[in-house]
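Down below is the structure, laid out as structure tokens.
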Amino acid sequence: MAVAAWQGCARLSWWRVRPAALFASRRGYSTMPVDDTINGLNEEQKQMRQTVFRFLQQHLAPKAREIDQTNEFKDLREFWKQLGHLGVLGITVPAQYGGSGLGFLDHVVVMEEISRASASVGLSYGAHSNLCVNQLVRNGNETQKEKYLPKLISGEHIGALAMSEPSAGSDVVSMKLKAEKKGDYYILNGTKFWITNGPDADVLIVYAKTDMSAVPVSRGITAFIVEKGMPGFSTSQKLDKLGMRGSNTCELIFENCKVPVSNVLGHLNKGVYVLMSGLDLERLVLAGGPLGIMQAVLDHTIPYLHVREAFGQKIGHFQLMQGKMADMYTRLTTSRQYVYNVAKACDEGHHTPKDCAGVILYAAESATQVALDGIQCLGGNGYINDFPMGRFLRDAKLYEIGAGTSEIRRLVIGRAFNEAFK
Amino acid sequence: MAELRALVGVKRVIDYAVKIRVKPDKTGVVTDGVKHSMNPFCEIAVEEAVRLKEKKLVKEVIAVSCGPKQCQETLRTALAMGADRGIHVEVPESEAERLGPLQVSRVLTALAQKEKAGLVLLGKQAIDDDCNQTGQMTAAMLDWPQGTFASKLTLEGDKVTVEREIDGGLETIRLKLPAVVTADLRLNEPRYATLPNIMDYEAARALGGHESQPPSSPVCGPPAFACSSLPLYLQLVPIGTRTCFLSSSNHGESSTLKLFPL
């Protein structure tokens with residue numbers, strides 16, 4: 001086992017620096033325990049959560065505030081390699097390509113723990129490990145998998161996926177990025193927008209229209225693998241977002257970008273199947289994000305309520321605060337059971353778009369509510385940026401929009417029922 | 001390839017990040033339902049042993065833990081970090097609170113002799129009791145040289161050079177093997193068990209587990225314990241409460257340990 005990756009990280013001598021310094025820097029806060037027996041995890045998954053949790057609380061959580069304030073993760077590349085070493089970048093990839101060969105439930109748990117430490121890094125992680133890597137695993141041919149997966153799994157390369165455009169978000173099949181075949185290449189022209197990891201990605205899965213006159217419109221979409229450095233491909237400056245700051249998002253520009261024919265992912269004009277089935281799993285795995293945010297809110301709120309005093313007692317003992325704790329906890333736990341169970345079902349091969357949309361719909365809206373409650377519990381302290389409660393709210397809101405807006409998710413579920421009665 | 005076997009003691013303690021609460025009856029701290037993990041100094045000791053194995057200076061790393069059933073989780077962590085075998089010396093929950101450095105060092109002494117270990121690596125102290133005694137006592141009982149508070153360890157042939165952190169600064173001593181070394185903070189930075197390691201271990205365990213027959217006669221004074229063994233990686237070695245017994249006979253695959261009274 002290589003230990004070179006660890007040489008660079010200095011371990012804080014935590015047990016010599018407590019307690020005063022810890023409270024001042026807020027690094028030593030007690031996190032709330034997660035009852036994994038109720039969550040239905042097996043021994044391996046419990047151990048995995050423990051390991052990943054310890055690593056992240058040590059190496060990511062202390063940086064979360066700075067990442068949000070500066071809208072930049074300075075040690076991104078180094079951290080990605082550490083994640084690769086842990087084995088979490090290729091969780092669903094079969095062992096033969098260097099992956100961990102695990103399932104969606106394991107992926108959700110890791111996504112949750114990363115988001116608990118820093119939701120923006122969690123989003124980048126989700127985009128890399130599920131949107132890019134998992135799509136390659138499911139749709140790539142042997143050559144493509146062997147070419148691109150190893151470095152994506154080790155953390156040397158960062159992955160991304162591009163479907164949205166400035167005028168095509170929810171209505172993604174109306175995308176205008178054009179791909180015209182010229183000999184051994186496809187020439188791409190157009191732009192993509194809202195692309196997570198856009199500025200940093202080395203490998204991107206891009207959806208483009210290869211047949212502008214297809215009927216229906218969706219039948220003209222093809223997925224491509226684009227590499228940073230391909231002629232004609234560039235990115236413009238990163239977006240200044242409300243939340244998920246540090247998870248770099250930008251516009252992609254294709255000006256006569258030459259992509260080899262061998263980089264077509266899946267089949268020509270069949271990109272919509274790649275896209276839609278990918279969306280289901282994307283929603284499932286990304287649902288781990290709001291779970292992590294809710295857990296982080298609890299981690300900070302519950303201890304605070306038992307430290308802060310008013311009217312001669314700890315405010316956690318007042319009934320209205322008890323009510324808030326109960327509401328936050330039950331929202332988190334119900335969301336968790338839904339997400340974990342659907343993930344388990346997907347691992348067993350039972351995969352329904354209705355539930356994949358349902359889990360992220362419910363988890364995201366719960367997360368926004370829990371984050372709002374978290375701010376309320378901390379009162380004035382919740383309103384200042386010395387405490388992370390504001391960041392939790394800003395980060396949580398994204399999950400109601402990205403990976404299909406709440407409105408679209410509702411449509412998916414409603415239409416699934418309509419289908420059953422056709 | 002060296003013939004050296006390293007015995008590493010690991011202790012299950014309350015996690016360092018947990019907010020400790022005193023029991024209402026003031027007899028101790030609340031441990032029920034509280035998150036426990038491997039003692040940080042024990043992690044450093046395991047890491048050092050595994051690094052020595054990677055450098056091919058040590059043939060086998062055996063992790064040992066004394067305590068109730070939950071200690072097996074700690075042993076699992078040690079195995080996922082790279083230890084080859086784990087030995088769980090089972091002490092019932094009711095007696096575990098009275099288990100201290102004296103008892104543990106007796107256990108380690110017996111195990112070191114039984115397993116023919118050439119190097120015993122321990123953490124310098126546990127973060128729950130801060131005793132800082134087990135390593136020293138074990139060395140005295142074994143009559144082996146000791147290098148405590150090690151911040152650097154170099155193995156050369158049958159000698160080990162230990163750089164110790166002491167009050168006055170750093171002291172370098174050279175010990176002839178077999179020896180006992182206790183790890184201090186700056187000895188190394190422990191690795192995180194990688195997902196593939198955790199899964200490999202669990203998969204192998206799932207494949208190979210089988211229980212052997214308990215010995216026909218109880219070997220310990222009341223209460224009697226059955227000796228079961230989980231092959232492949234874990235061996236359960238029960239010990240009695242007041243007195244720890246031994247049986248030098250082997251009952252098929254299982255054998256109990258000859259130890260002397262607690």
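Cβ atoms here come from the backbone N, Cα and C positions, even for glycine.
Keep in mind the model is a prediction, meaning the values are calculated, not measured.
Copied over from TrEMBL, here are the features:
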ACT_SITE  A:Glu282  active site, proton acceptor
BINDING   A:161-170, A:194-196, A:Arg308, A:Gln319, A:376-380, A:405-407  FAD binding site
BINDING   A:Ser170, A:Ser218, A:Arg219, A:Tyr273, A:Asp280, A:Leu281, A:Glu282, A:Arg283, A:Ala403, A:Gly404  substrate binding site
DOMAIN    A:42-156  domain 'Acyl-CoA dehydrogenase/oxidase N-terminal'
DOMAIN    A:160-257  domain 'Acyl-CoA oxidase/dehydrogenase middle'
DOMAIN    A:269-416  domain 'Acyl-CoA dehydrogenase/oxidase C-terminal'
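Candidate recorded positions: A:Arg219, A:Asp280, A:Glu282, A:Ala403. Nearest to A:Thr196 (FAD binding site) by Cα distance: A:Ala403.
A simple Cβ count within 10 Å picks out one of the binding-site residues A:Ser164, A:Ser167, A:Thr196, A:Ser406 as the most packed, and that one is A:Thr196. When each of the recorded positions A:Asp280, A:Glu282 is scored by how many other Cβ atoms sit within 10 Å of its Cβ, A:Asp280 comes out lowest. Most buried of the binding-site residues A:Ser170, A:Gln376, judged by other Cβ atoms within 10 Å, is A:Gln376. Within 10 Å of A:Glu282 (active site, proton acceptor), judged by CA to CA distance, lie the following binding-site residues from the set A:Leu161, A:Arg219, A:Ala403: A:Ala403. A:Gln376 (FAD binding site) has A:Ala403 as its nearest neighbour among the binding-site residues A:Arg219, A:Asp280, A:Ala403, going by CA to CA distance.
Spread of the substrate binding residues is 23 Å (greatest Cα-Cα distance among A:Ser170, A:Ser218, A:Arg219, A:Tyr273, A:Asp280, A:Leu281, A:Glu282, A:Arg283, A:Ala403, A:Gly404). Sorting each residue of the domain 'Acyl-CoA oxidase/dehydrogenase middle' (A:160-257) by its DSSP state yields 7 helix, 48 strand, 43 coil.
For A:Leu161 (FAD binding site), the same-chain residues lying six or more positions away in sequence with a CB closer than 8 A to its CB are A:Ala127, A:Leu131, A:Cys132, A:Gln135, A:Ile195, A:Leu204, A:Ile205, A:Val206, A:Gly278. For the domain 'Acyl-CoA oxidase/dehydrogenase middle' (A:160-257), the model's average pLDDT works out to 94. Comparing Cα positions, A:Ser167 (FAD binding site) lies closest to A:Ala403 out of the binding-site residues A:Arg219, A:Asp280, A:Ala403.
Following the DSSP three-state reduction, the secondary structure of A:Ser406 (FAD binding site) is helix. Every protein chain shown contributes to the tally, and the Cβ of A:Ala403 (substrate binding site) ends up with 26 other Cβ atoms within 10 Å.
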